[in-house]
Structure formats: C-alpha cells, structure tokens
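Colleague: This structure is in structure tokens; I'll ask about it shortly.
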Amino acid sequence: MFSWVSKDARRKKEPELFQTVSEGLRQLYAQKLLPLEEHYRFHEFHSPALEDADFDNKPMVLLVGQYSTGKTTFIRHLIEQDFPGMRIGPEPTTDSFIAVMHGPTEGVVPGNALVVDPRRPFRKLNAFGNAFLNRFMCAQLPNPVLDSISIIDTPGILSGEKQRISRGYDFAAVLEWFAERVDRIILLFDAHKLDISDEFSEVIKALKNHEDKIRVVLNKADQIETQQLMRVYGALMWSLGKIINTPEVVRVYIGSFWSHPLLIPDNRKLFEAEEQDLFKDIQSLPRNAALRKLNDLIKRARLAKVHAYIISSLKKEMPNVFGKESKKKELVNNLGEIYQKIEREHQISPGDFPNLRKMQELLQTQDFSKFQALKPKLLDTVDDMLANDIARLMVMVRQEESLMPAQVVKGGAFDGTMNGPFGHGYGEGAGEGIDDVEWVVGKDKPTYDEIFYTLSPVNGKITGANAKKEMVKSKLPNTVLGKIWKLADVDRDGLLDDEEFALANHLIKVKLEGHELPADLPPHLVPPSKRRHE
C-alpha cells in the first residue's frame, strides 16, 4: 500500500554517489539546477547553460588591462616561449582574445572553429556573433606550464567612445562571460603611466561579482624610483577603491614581469618577493579548481532561485486579458519594489539580486505572457542540492585537494623560482651558509663565547634560566624565543653548550633581520660536534 510514497521517500534519502567532484557537479547541474534555469528562461537574462567542457576544463587565468601594460609580455614571461598570434609593442598590438592553451603542435584555431569544438569550453561564445568570433582565436602549443593552466590574453582597453563602438561587439559582456568561467582574473596596470580610462572602469565594474578571483599587478615598476613607486601605489589603491566598492582591500602585486634586466634595481628584493607570491597564487589554481567550480555553481544556483522568484512575481502581477503592455511598463519601472518584496518574503540577501538597471533593460524586450508561475518543486530540488549534495561534494573536494601537490604548475618561469641558488630566499636568513664548508655560525662564535662564559657554565653547559636572561635582551616575544630554544637545544638535554648557545644567538639575529625561522633545523646549521647525532 502507498508503495509510490515509499519509493519517492527512499529516492530522496539515498545520497547521490559520484566518482569525482567534476562528475558530481555535472550531474547535479543537469538534474537539479538546469530544469529551474530552463523553466524561468535564466539563459536569456544571465548566462548560457553550462556544458560538460565547463566542468572538465583546466583552470584558466584571464588577463585584463589597458593597451601596452604588458599583458602579452606577462604570458611570454610565464611560459618562456613565444606563442602563435603573439604581438608585442608600445602601441595597441593585441586586437583579439587569444586563448593560450596546450596542444601537441604549435598552431592557431580560429574563433568560428573553436566554438563548435565540444571539447573546448567556448561553445556558448557564438552568441556574440561574427564580429567577436573574427577577433577570437586559440593559440595552442606544447608547453609544461599549459599542461596545468590555460591563459586568456585580451585586447588592450582604450579610452574614448569611438574605440568602444568600433569593436563591433559588447566587450564588457564578453569579459563578464569569461569572468564567470575563469579561476583567476589579473588586472594589469603600468606603473610608469598609471591611468584608468572610462572603458577600463566600466570593465572593472562588470567584474564586480567576481572580486574573489581578482588580483592586481602593478607592472613595469622597475622604471620608477622608490619614492615615485610609493606615490603610484597609493594613487592606484585610491582609484581602485572608487571603482571596486568592497570593504576588502584587493591584493596588489608589484614587479616587473619580463626577462630583461631591471632598469632601476633599488627594489629588487621587493619585486622578487612579490613575484614569488603571485607565482604561488597561480600555482595553487589546479589544486583549488574543484572548489572554485563548486563555489561558482552555488553562486549560480542562488541567482537562479532569485531569478525564478522575480519572473514568477511578474507573471502573477500581469492581467489575463486587457492592459498587458501598460502593466508591463509599470512592472519594469517598479522592479526595485518587487526586489524588496521578494527580499522580505523569502529572506534573500540584497547581494543575491541581479543588477536592477540591467534587468530592467532585458525585461523590456521580453514577452511577459510566456513567463511561468512559481513552481515550488523546482525550487525545493535546488534547495535540497544546496543543503545536502553540495555538503557531500565539499568532503570530496578536500579529499581530492589532499591528494594533489601544493604547487602543480611547473615549467617556464615557475621552475626558475623553485630550486637552486636563484630560488627565492636561497642563502638568506636561516639559509645563509648553506653551501659553505665551514659552519656559518663559527665566524661570530668568539663574540658569543665571551657572553657564554659570563653565564656561569657548569661542565661546559648553561641552564635554561641563565640562557633566558641573555636571550630576552633581544626583546623578541617568548613564543619566538621558545622556538629558538627548541631549535638550538640539538641534543634535547635542556641545557646549552657553547655551540648551541652560539646557534641560539645566530637564530635570534636571523629573526631580528626580518627573516622567518625554519620549522626544523637545517643540516648546515647543526653544530659540528652534534652532527654525529643527526
């Protein structure tokens, strides 16, 4: 009796089983979110339907900036190789969107061929028409960096209404399409001629729903002196604060991202540290790709739910027979009030609603009679996905991340910063003396010995209490001094001999010079008499 009820209940209770996060996202989207999107014509208002390639593609990095800020040179610097279609110069050179991707041989795939390839995540770009597709291509080449990531080069953004109109396609809309699908958006600025044109401001505003993906690079910083660089950095932060209306400060990397000698080498250490941080951020993308796709699907589901409430509310307000056109105009003009009503009734955050002005423009061309009434079952399915399925996928994301190395991207400029004497921080701080035959602490040991013998050593060793009296003079916090003690007490007897005391003072000096302490004592810092214990 009532077997259909028990079957339905059983089906609801049984969790979906997925082999990978990508497969899980693909199935959840197709089975639970896509029906809601199609029912309320989501794709006509916001974003085209997702395809399999959107869930399986490699992480993508989108480069955006005004002309001659070094976008193409930045890619050349990363992959250490010229790519097909590459043009570099002081004038606006890159006039196309170029997807730089891995391929068995060097070559160019034109836009019209690219958007019919089901293996590439670009099929929905055909909606932007031939004017765009003629300015879109894929440069493919065998390169180890491109094994892990793909990079999208964009045309330089110009100033003035004429250039915006003459493109023949909606540049900001294309960038917004890419922004939804990429893992990182890098905005490049030229430190030598800092200027944010009106079109660039509009582009940055179009990316406002993706602040978590945005990083800023202040490029060509070696062309100006330190004092000027501080002023330029301040001006950039002030300008960005006016455009990106968020309380969080956007991360800005300062440097000169090309392989030529630095023109003004005063800030070399700063540039090296910033480059290392940026490279680490890019190298983490493959590891975090599944989490990014999961996050984007959640954002899309929340927007689809709000969209369903908006469309169903408009349908509910429309008359059945007379006065449809006048009512439509009234509803479009009063859309802000409908937003507020939905916000109150369904406890939805204001940040989940689509842009009011853009939505009003899109609604003016729609036939409201084709809109659908509210269908709670579709919304319940999406709520169930967000509450249960996504939580299970989150566990799988962590499992997949734990199996991947922290830095997956290899080759190109990334190899130059990894190991060897030119790796970041090599031979500095605790790494000083790593290649020396003599113990690096030995050169300062006579000075430390003078202090050591004033601390009443017994049988050649001083107690922790006596060592503490001297160590606290450094004014370092007890937590740091405790770590130094642990590293210096190599034989773990709770006492320090003359070599261990010298080592403790060397580590204090390392910390006072602004370097980090190692988690474990490096082999080259182990005192000579203790090396038999190692």
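Cβ coordinates come from backbone N, Cα and C, glycine included.
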Colleague: Return the residue out of Glu499, Glu500 that Swiss-Prot annotates for the same Ca(2+) site as Asp489, Asp491, Asp493.
Modeller: Glu500
Colleague: The ATP site in Swiss-Prot lists Gly65, Gln66, Tyr67, Ser68, Thr69, Gly70, Lys71, Thr72, Lys220. Which one of Trp177, Trp258 belongs there according to the record?
Modeller: Trp258
Colleague: When you get a sec, could you say which of 138-167, 198-227, 348-377, 408-437 is annotated coiled coil by Swiss-Prot?
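Modeller: From Swiss-Prot, the annotated coiled coil range turns out to be 198-227.
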Colleague: Might you list, by sequence position, any residue in that chain lying six or more from Asp493 (Ca(2+) binding site) with a Cβ less than 8 Å away from its Cβ?
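Modeller: The list for Asp493 (Ca(2+) binding site) reads Lys461, given in order along the sequence.
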Colleague: Taking the residues the record says bind ATP (Gly65, Gln66, Tyr67, Ser68, Thr69, Gly70, Lys71, Thr72, Lys220, Trp258), how far apart in Å are the two Cα atoms that sit farthest from each other?
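Modeller: The span, Cα to Cα at its widest, is 17 Å.
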Colleague: With DSSP as the yardstick, break the region 'G1 motif' (65-72) down into helix, strand and coil residue counts.
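Modeller: For that range the per-state counts are 2 helix, 2 strand, 4 coil.
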Colleague: On the three-state reduction of DSSP, what should I expect for Glu500 (Ca(2+) binding site)?
Modeller: helix
Colleague: Might you list, by sequence position, any residue in that chain lying six or more from Gly65 (ATP binding site) with a Cβ less than 8 Å away from its Cβ?
Modeller: Lys71, Thr154, Gly156, Ile157, Leu187, Leu188, Phe189, Asp190, Phe200
Colleague: Look at the binding-site residues Lys71, Lys220 and tell me which residue has the greatest number of other C-beta atoms within 10 angstroms of its C-beta.
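Modeller: Compared across Lys71, Lys220, the most Cβ atoms within 10 Å surround Lys71.
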Colleague: If you count the C-beta atoms lying within 10 Å of each candidate's C-beta, which of the binding-site residues Asp489, Asp491, Glu500 ends up with the smallest number?
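Modeller: So among Asp489, Asp491, Glu500, the binding-site residues given, the one with the fewest Cβ atoms within 10 Å is Asp491.
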